[in-house]
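Swiss-Prot has this to say about the protein:
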DOMAIN    1-227  domain 'Radical SAM core'
BINDING   CYS16, CYS20, CYS23  [4Fe-4S] cluster binding site
BINDING   CYS60, CYS95, CYS153  [2Fe-2S] cluster binding site
Amino acid sequence: MQIMLCAISNIASGNCSEDCKYCTQSAHVRTDIQKYRRKELSQIVLEAKMAKKNEALGFCLVTAGLGLDDEKLEYVCEAAKAVQKEVPNLLLIACNGMASVEQLKELKKAGIFSYNHNLETSKEFFPQICTTHTWESRFQTNLNAKEAGLMLCCGGIYGMGESEENRLSFRKSLQELQPFSTPINFFIANENLKLQTPRLSADEALKIVRDTKEALPQSVVMVAGGREVVLQERQYEIFQAGAGAIVIGDYLTTKGEEPSQDIIKLKEMGFTFASECH
């Protein structure tokens, strides 16, 4: 079985104006995460080279904040061009919040292949986890990305206290969008966050993967944040459940599995790694 590996780079971290209860980058909570307006282009390129060395096909440029303004758009485009020049075979993904069709077209011109903007949860449950922007604005940004000609990467976070009905509604919304890839994150409570919910069991997490793939058979289901903590020794069962991709290395503000360990284990299990996108 061939799977896709993706890596992410947090190129602008923290001080986000939004009050998302699950996020340590929100200015509404006190955390000890690193905060910076921009990462040096040379460091981004170095991380991209390391991602490629670790068999990654996708490389995501992530910025904290509500969305793109002119300055941030220019910076992300600069980063994309720098990575493309030095590591031409990576598929570049941008994750920069709310964006207009015109802004997204600029990202595409700069070499961005796919835009990631998660709905996070259902329309009904969203007001319980964020009050500073609407679920509808997130949905619209996804429509904008499609109109701009970008591939769509859209998923969310499970384990925030949502009901099974919420999960079903969430998947129905994803079906409307039909994203190219669908990231699944499992919420891990942090003492600094307002949101404190019990950790999902491995069985429940694997059921979420199965249900997502059943709802979105044409999408690449990507298991991301919380994989190592929630699933532990069962984490590679995600591929039997329908996943076709994982995020390797560190996440935005938390440590992930050492990429070399993932690669060794996956090769031992007979997996190969996608080197191009079909």
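Here the Cβ of each residue, glycine as well, is placed from N, Cα and C on the backbone.
Since the structure is predicted, the reported quantities are computational estimates derived from the model, not experimental observations.
Same-chain residues with CB within 8 A of the center of the CYS60, CYS95, CYS153 CB atoms, the [2Fe-2S] cluster site residues themselves not counted, are ILE8, GLY58, LEU61, VAL62, ILE93, ALA94, SER114, TYR115, ASN116, HIS117, PRO183.
The distance from the Cα of CYS60 ([2Fe-2S] cluster binding site) to the Cα of CYS23 ([4Fe-4S] cluster binding site) comes to 18 Å.
Of all the binding-site residues listed here (CYS16, CYS60), it is CYS16 whose C-beta has the fewest other C-beta atoms within 10 angstroms.
Reported as a whole number, the C-alpha separation between CYS20 ([4Fe-4S] cluster binding site) and CYS95 ([2Fe-2S] cluster binding site) equals 16 Å.
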